[in-house]
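Visitor: This structure is in structure tokens; I'll ask about it shortly.
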């Protein structure tokens, strides 16, 4: 049961969160300019490192905000720092 | 108290299994990963294709990864033609494997029930049974009363939170003893002169341009005519060293066993909605599993809430399990694809072949994988049964979406 | 009488509270404070069980959770399999029997309750022996919030059974003072009878509390998140491996001492003590002092420890150094031990001599209980001096202490516990100092010399076995066979021999088997290592971990505001996600088929009403709401005018249909979306994902309002008449209130938002009122409809009516592999928008195949019944040998009152081009001819929606 630091709510149990895999995978700006292979890369291919991984989590049972987290996939050790720099921006 | 000896009926192992080999400097084929798939692939390379100058490289102890950690369910009742073809081929091989390997694999065709708990699961079950039968896979649809007959200890009361509305039933499905399977292959390979190299981790590949000509290992470089990856959860780590991207995510998958119990559970029960799958192994222990943990991990351990939820499901479905005890829990690392189907075939690198993405379904496919992957390696082109399982499908969109059939880990 | 082997005084049993119990059919008596094992031993009962493979009699080896032998089945008060007699608390009415290795489950339902709680603390101390209590005191005095958990019924750990002194008084007096001080502190929680079973990420530990027969819940699972963890889990004494080392009466030396001091039980009258460790000497001396004749202390080492040798001499106990026990005699009880001179370096044995005894004490050194440390990813290292695997390295926030850290004396344990407590407190920023350590008995630190096995002088003798793992009946010969077969890894050998796979996970056999393996392989024990320490530390019942999540609490039940009305009408319910939805409303004598036909007829010819509150509802607000909706729906939403409603289809990024519903524009920058009942949560997450992580520039907020609105569908040609009677404030004619628009009105005095939406093709309205008023408005509409014969209908009728119109249900007529085009809903895919989720995927090669499966209608041949949903469709009139090519499958299938024939929807390869063709449904072993039709069966022109 990992203790996940939500940038909005503080550390909470893993069960409150939804996992979103690799962070920073942007949808191609012009999808129609992407080849089928490039589009497939966006849809289906994600990094899968053994070690530190920047990944997305969403605080489903709390603030419902997505945020990025750096975690070691071999040990589940969470590298704090990344989320603290993260802007807590909400478009209003 | 009369002395009884339950559990003494497990057959003895042979006097000779295998000798861990030191790696030679080159082989015709190097297989990376000494699990069930790697061993079976080497076996069929030797037996079907006459290639015996093979090394199977295992970073730890032979068959110590998912092969040692799975819940040993064997079935072939998959929805799509492509999957049914491959898994049914595997099941047919299972049916002759004890004789072929001359090893007691404890292959027990006690049938598997896949329960339906909603009207939609009933529709999906009927659909899958129909597809199975047309594909030559034995399958029946059972109503609730028939389910109760097949597994009397199951709670088929309508008062269940999600009552059992029926189930698919594959009589030829069952379980085997995983270690025996691995050791059966290993012993055969030892006799065939294949090198089983333990404690030898592959750290990279030797290549000339886009051609892979060998591997770098913790025990030195090894040249190879062809290199085949069968490293399950660690496939991505290896492929990364080549810059080869695969649509894989590695997740924890947990399992657990109870103490040894007098026989109560005659079959294998799997449930998606009340998420658990249960069988009773030969010595009498209940073997349980459920779904993967949600996050990526290579830690060979999962979170405890997954176990708790699984046991709630187990007691819900099997009230008599209330006072059984969890004796041991463990976790493996499974490589999951976006469509819950495997990837097997050639790669953009000449001389490099990949077999991965079996997620939670690898054990049951073991001999089928070995058969088809060996064919792929020997002929440099996929066997018709694994041709649909190439990487191209992610680009074309022709996925083999088995989430329905594979949604419960197995 | 509680037994001939019970001493007249002493022990921690309550002699005023005799406890009657039954074991293997014999009525016996013990005392409160006994375990089943101590009560049996007091009666002279040593054989408790039989071995699993060879059926040999087995006794009580230990006095705790490490017990490999004494397995019992509890029969009463409720059957429970495979407990160890050494941990079963003696309670009135207990009935148990010995087990031969397999337990038995009761077919009767377990009447007990179980629950779970969460606890957060600064310091969790696992184990309440001298180290744990010292740690807890140090931490608690610093002001930390402390939890102390110990598996035993009483705190004290090793002190419970050692009979030693602290500050010149019985050690248990110090234990009681420490316990009392901790109990007084508000920030301390004491959890006796609580086994910490596992350590998980970030110091999350799980413990199971046995709450006893009188508590409301029998067992409670504790989920403890601790900043710091002190592991004062003690150590387990190892037995020795020699021929026939399994006879009842063979017992760990420390256990015998515990039976003496804690339970006032003599485990025998005449004992041989076989040891390779100083720790057995106090046991021999204490037992001797209590009247047990010690035939010999047999020490395999060349020299006895002088301190203890002197004391033995003083008490007249013969010490035989350089000797080993090489065999035993007896059946159901050991009757004698055979000794021989022994050279531990060469293994050479001298001639045998026989000693009568009814008790054979063994001590092969100690294994620290490093399970939790190992689970916390703490590294272990083999320590040559200790002859054991000890915690090495460090894990932040985890502090091994006392015997668990490899320490041997009470003085060391007290000190190391205090240090651990101070360290834990200081990591929390608290100031802590260790209190002065109580004065202990002046014993030297015990030493040992590992001895993994004693050679068998006559290995060919029939039936002689040297047991390594008593729980699994695995022997030295088994290990030898595994090594002979070529195995070198401890994991392989464990699997070959099954060593360590028993209920006890090899607590007493693990290190010993590694030592034997190392010897056979000629390898270093540190390289051989151990197998993994897996949770749980002790077996835990399924029910305890299932907790309260059983029956109705297995998963939340969601019901609508009108639920009780449906129940009162006798409706059966369909589970849709977590919702309970009325399936149909049978009238007396009606079966489902009759009820559904009646309900359908009512909607097609009169008026019906359905509770559709379970549809998901998402309120979308913000200046960019319209732009956002254009991106998430396949069709254009930004052109939707205030007051109007539009059907919308959502795809995933790979272009597959994901959900559908309506979009209602409720304000300048505000929309209300509806989703499928089961898909609501997933849709919201999907939308939030794109909004927050991809289109961060969009100023939009999403709120789930599913449970804010109760929704009633009023459908049928007479629905307007019903509404006219019930609703004020809305001009209901078609011109003023056209299809796909909404108006605010009043029903039963409640503000209602009324929509003209139809899922049946009939004139229909959807009435939304605040959830709280749902039942009232429902009843008002029902009353208003009574003159028209208004008919409540359930999900089945709704399904039939929509299927007659060819409206697909996402999740039934789709399965995640179906595109809008496959559904024939290309009209809902905008060609004008630059992009939306899923758009790019429509042009992938597989999406533009012409033989994709498409949604079509099916009409079975005359005289055929309803096709089962899920039926596969084939082209061949006669089935060929498998594999048979399949065209697709039936997704929805019903009887139809309106059509007068059964009909179905199906996904069929190239289906739209096959309309008019006859294909076959594979039903059982029959092929049923079916005609492929357009999926719209009823009112193709859409003439009925305006009434």
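Just so you know, glycine gets a Cβ as well, placed from its N, Cα and C.
Source: prediction; values computed, not measured.
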Visitor: Between C:379-405, C:406-432, C:433-459, C:460-486, which stretch does TrEMBL give the note region 'Disordered'?
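Guide: The range carrying the region 'Disordered' annotation in TrEMBL is C:433-459.
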Visitor: Please figure out which one of C:122-380, C:464-548, C:853-939 racks up the most CB pairs under 8 Å against the domain 'GCVT N-terminal' (C:562-833).
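Guide: Answer is C:853-939, with the largest number of Cβ pairs below 8 Å.
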Visitor: With Cβ-Cβ distances below 8 Å as the criterion, list the same-chain residues six or more beyond the ends of the region 'Disordered' (C:433-459) that contact it, or say none.
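Guide: Distant Cβ neighbours of the region 'Disordered' (C:433-459) are 134, 137-138, 141, 164-168, 174, 240-243, 276-279, 282, 300-301, 305, 307, 324-327, 340, 342, 344, 347, 349, 352, 364-366, 385-387, 408-412, 414-415, 418-419, 421-422, 466, 468, 476, 512, 515-516, 518-519.
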Visitor: Could you tell me the mean pLDDT over the domain 'Aminomethyltransferase C-terminal' (C:853-939), as a whole number?
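Guide: Here the predicted model's pLDDT, averaged over the domain 'Aminomethyltransferase C-terminal' (C:853-939), is 97.
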Visitor: Which residue counts does DSSP yield for the domain 'Aminomethyltransferase C-terminal' (C:853-939) in the helix, strand and coil classes, in that order?
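Guide: With helix first, then strand, then coil, the domain 'Aminomethyltransferase C-terminal' (C:853-939) has 4 helix, 39 strand, 44 coil.
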Visitor: So, by DSSP, how many helix, strand and coil residues make up the region 'Disordered' (C:433-459)?
Guide: 0 helix, 2 strand, 25 coil
